[in-house]
Each structure stands twice: as C-alpha cells, then as structure tokens.
Amino acid sequence: MKFFAVLALCVVGAIASPLSADEANLVKSSWDQVKHNEVDILAAVFAAYPDIQAKFPQFAGKDLASIKDTAAFATHATRIVSFFTEVISLSGNQANLSAVYALVSKLGVDHKARGISAAQFGEFRTALVSYLQAHVSWGDNVAAAWNHALDNTYAVALKSLE
C-alpha cells in the first residue's frame, strides 16, 4: 500500500473531533467523483512531488510519462485507491471508529518503516487537495469537510511516525 495509501488518511475524520454525518457524506460524495481515476490521482501526486515517486522502488528514477500508462502503474494505483475507498466507506459511523483508527495507525507505522517523513505526508495532502479541487464539485463546505478529515487523520498517522 505504499505512500499513496496516505489518501486513506484523508477520510478518517472521526478521531479527535468526529466528522458530522454531513461532513462524512461530503467526503464520500466527492471521493465517489474521482475514485475511478486511479492512474490520474497517482500521476498528479508524482508530478507535484517527485520525491514521493522516488519512494516507490518500481517507479523511482523513471520518467512519469513513461510509466503512467503501464500495467504496473495502473495496478498499483488501483490497489491504493481501493484501500482508500474501503477506509472512506467506514468513515462517518462511530461503530467503525476503531477499525478506521487501526487502519490509519498501521498505515503510519508502515510508512515510517519506508522512511516517509511528516513533510512528505504534508506534500501528499497538498497534492490530493489540489487534485480534488480541480476534479470534483468543490466549495467551502467540501473543503471544510476534507480539512477536518485530514486534520484528524494526520494526528493519528503522524503520531505513528514518531
């Protein structure tokens, strides 16, 4: 689930200050608008932050244009986005809080082992939000919901990096 799996972090939103049902629905509905754009999402992250691409051994040092249309890239992007979709589907329901927390905590631990820094988590957040703004129905309410979810999620994931 390499670095792109941090997208899953974007949807937890139920840790320190739970997302409201409306916020969770905004995150879910906006994600539904892009969840089938796996390759484009991963390519956007890599284009914005080549240091993130460098953390993926199978893609490190390669020209993004030369790998974007490969089966390996599509397979990896799909695996990651599917993980995010699972986490997003769990968000907004208090009964799922422990499952989401466990997934995000494990994600942080796994990424610590890969040498991912808090700064790279921040880069990913920036790239993700930029992608979402350009590809979904985006307004102040959607931005607030994603920021709330990201703030909560990063609190858990970054703690795992310590």
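Here the Cβ of each residue, glycine as well, is placed from N, Cα and C on the backbone.
Database features, via Swiss-Prot:
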type	residues	note
BINDING	HIS76, HIS111	heme b binding site
DOMAIN	18-162	domain 'Globin'
SIGNAL	1-16	signal peptide
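Taken residue by residue with DSSP, HIS76 (heme b binding site) is part of a helix. Ranking the binding-site residues HIS76, HIS111 by how many other Cβ atoms lie within 10 angstroms of each Cβ puts HIS76 at the bottom.
With helix defined as DSSP H, G or I and strand as E or B, the domain 'Globin' (18-162) counts 111 helix, 0 strand, 34 coil.
In the predicted structure, the domain 'Globin' (18-162) carries a mean pLDDT of 92.
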